[in-house]
Amino acid sequence: MTTTDSLTAPKRYFSNLDGLRFVLAMVVFFAHSRLGVTLISVIPFDFVKRLVSVFSNGGLGVSFFFTLSGYLITYLIIEEKETSGAFHIRNFYIRRALRIWPLYYATLLFTFFIYPIIKVKLGYPNENPYHFLYQLLFLGNFDSIQVHQFDLVGLAPMMIGINWSIGIEEQFYIFWPVLFLLFRGRRFWIAITLVIVSSFFLRTFVLQGPALYYHTFSRMSDLAVGGLLGYLSYYNKTFVTRMEQMPRWVVCVIYASGFLLLMYGTHTVDSTVVSLFFGFVIVDQNFAKRSFYKFGDHKLLSSLGKYSYSLYLLHPIGIQASILIFRFSKLDPLAGFFYGVLYALIALIASMALSMLSYRFIESYFLNLRKKFY
C-alpha cells in the first residue's frame, strides 16, 4: 500500500460496540433512577437479585465505559499511525473536543446558571458544593473527591456529580497520545503495562477513601487495560486469530465466570481483573466468530448507540424532571413497586427525548465538522 492509498484507507468500524455503548448508558441510568432497587425489592431469588444489581450498578457501567474508551482510542491512534505513516496529534485533539465539549459545556451552562434559577423560582434551596472552575477544566473528579471527603454529597446535584468520569476521559485523551508518541508505535505496550502496574500500586498502597474511586491515577488502569487489548488487536495477529477461532463453549465459560465475579466477588479482587473481563467482552464482540451473542445483530439497539453520550450526560436532567412531576402530583416514588417503575419510566422518556434533541441540534453539527480533521 502506498502512502497515498493509506491516507484514504477506511478506518475500521466495530459495529457491535454501538449497542454495547447504549447498554452501558442504560446501566448507569438504571442505577441513578433507582429502577434496579425497585425491581430487586419484588424479586424473591437471591441469584436474580444479584444479576439485576449488576445491570443497575453505575460504578461497573462507568468502569466498562473507561475500558471501552481505552480500547477504541488506542486502536484508532495506532491505526492512524500505521495507515498514514504519522499520528496527527493536533487533529486528534480537535476531533475529541468537537465530540465532547459542545454538549458538556451546554450542560455545564444549564446546571450552574439556569437550573439554580429554576430551583429558586419553584421554592427549592439552591445548594451546590461543586466548583465551576474544576468542572470547566475537566477536573470534576478532583472536585468529587473534595465533596465526598467533606460529606457534602447530600447537597450535590446529580447532573454535576456525573461529570467526574468525563473529566477522567478528557485527561486520558490529553495524556495518552503524548505517551504513544514518546514510546513510538510498537513499544507502546511497555508504557501501557507501566500505567497498569502504577495504577495498581497507587490503589493498593497510596490512595484512600474517595480518591480510590475518583482519582485519575486510580481509574487509569481501566483505560489502560482497554488500551493494551486495543494494541494487541492491531499488532498481534495471533491474538486476533485465537479470538476468532475460540470455541463457543470457552466463550460461554468466560462470560459465566465474569458474571459470577461481578455478582459475588468484585469486593475480593482488584478492579484490574474486572477490567480484563470487560476487555474480553469487547474483543469477543469485535472478533469472535462463535460468540453466542452480538449486539450488532439488534438494529434498534445499534441505532440507539449514537445517543449514548447524550443519554449519559442528560439523564440526570430527565430524572430531575420526573422528581418534579412526582412532587407536584404529591406522589412518592418510594411508595411501592408501581410508583418506582413509573418514576423511572417518566425519567427514561424525558432523558431519551433530551438525548435525541441534543443529537439532532447540537452534536450532529459538530460531528460533521470532525470529518475535516481526519
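The first residue you see is number 1, and the count goes up from there.
Keep in mind that glycine also has a Cβ here, set from the backbone N, Cα and C atoms.
Taken together, the residues in the domain 'Acyltransferase 3' (16-356) have a mean pLDDT of 95 on the 0 to 100 scale. Residues annotated as domain 'Acyltransferase 3' in TrEMBL: 16-356.
Per TrEMBL, transmembrane segment is recorded for 20-43 (among others).
For 55-78 (among others), the entry in TrEMBL reads transmembrane segment. Cβ atoms under 8 Å from those of the transmembrane segment (55-78) belong to residues 11-12, 14, 17, 20-21, 24-25, 27-28, 30-32, 35-37, 39-40, 87, 92, 165, 168-169, 172-173, 176-177, 180, 185, 188, 192, 213, 219, 222-231, 233-235, 262, 266, 271, 274-275, 278-279, 281-282, 312 of the same chain, restricted to positions at least 6 beyond its ends.
Feature annotation from TrEMBL assigns transmembrane segment to 98-118 (among others).
The annotation transmembrane segment is assigned in TrEMBL to 162-183 (among others).
Within the same chain, residues 74, 78, 179-180, 182, 212, 215, 217-221, 224-225, 227-228, 231-232, 270-272 sit at least 6 positions outside the transmembrane segment (188-206) and bring their C-beta atoms closer than 8 Å to a C-beta of that stretch. Residues annotated as transmembrane segment in TrEMBL: 188-206 (among others).
The transmembrane segment annotation in TrEMBL covers 212-234 (among others). Counting same-chain residues at least six beyond the ends of the transmembrane segment (212-234), those with a Cβ under 8 angstroms from any Cβ of the stretch are 59, 63, 66-75, 78-79, 82, 141-142, 144-145, 148, 164, 168, 171-172, 176, 188-189, 192-193, 195-196, 198-200, 202-203, 240, 271-272, 275-276, 278-279, 282-283, 286-287.
According to TrEMBL, the feature transmembrane segment maps to 246-265 (among others).
Long-range contacts of the transmembrane segment (309-329) within the same chain: residues 22, 25-26, 28-29, 32-33, 65, 99-100, 103-104, 107, 110, 122, 157-159, 161-162, 166, 339, 343-344, 346-356, 358-359, 363, each at least 6 residues beyond the stretch ends and with a Cβ under 8 Å from a Cβ of the stretch. Feature annotation from TrEMBL assigns transmembrane segment to 309-329 (among others).
Sequence-distant contacts of the transmembrane segment (341-362) (same chain, at least 6 residues past either end, Cβ-Cβ under 8 Å): 29-30, 33-35, 38, 102-103, 106, 306-307, 310-311, 314-315, 317-319, 321-323, 325-326, 333. Under the heading transmembrane segment, TrEMBL lists 341-362 (among others).
Highlighted: of the candidate stretches 20-43, 98-118, 246-265, 98-118 has the greatest count of Cβ pairs under 8 Å to the transmembrane segment (162-183). Same-chain residues lying 6 or more positions outside the transmembrane segment (20-43) and placing a CB less than 8 Å from one of its CB atoms are 49, 52-53, 55-62, 64-65, 68, 158, 162, 281-282, 285, 295, 301, 304-305, 307-309, 311-312, 315-316, 319, 322, 333, 337, 340-341, 343-344, 347-348, 351.
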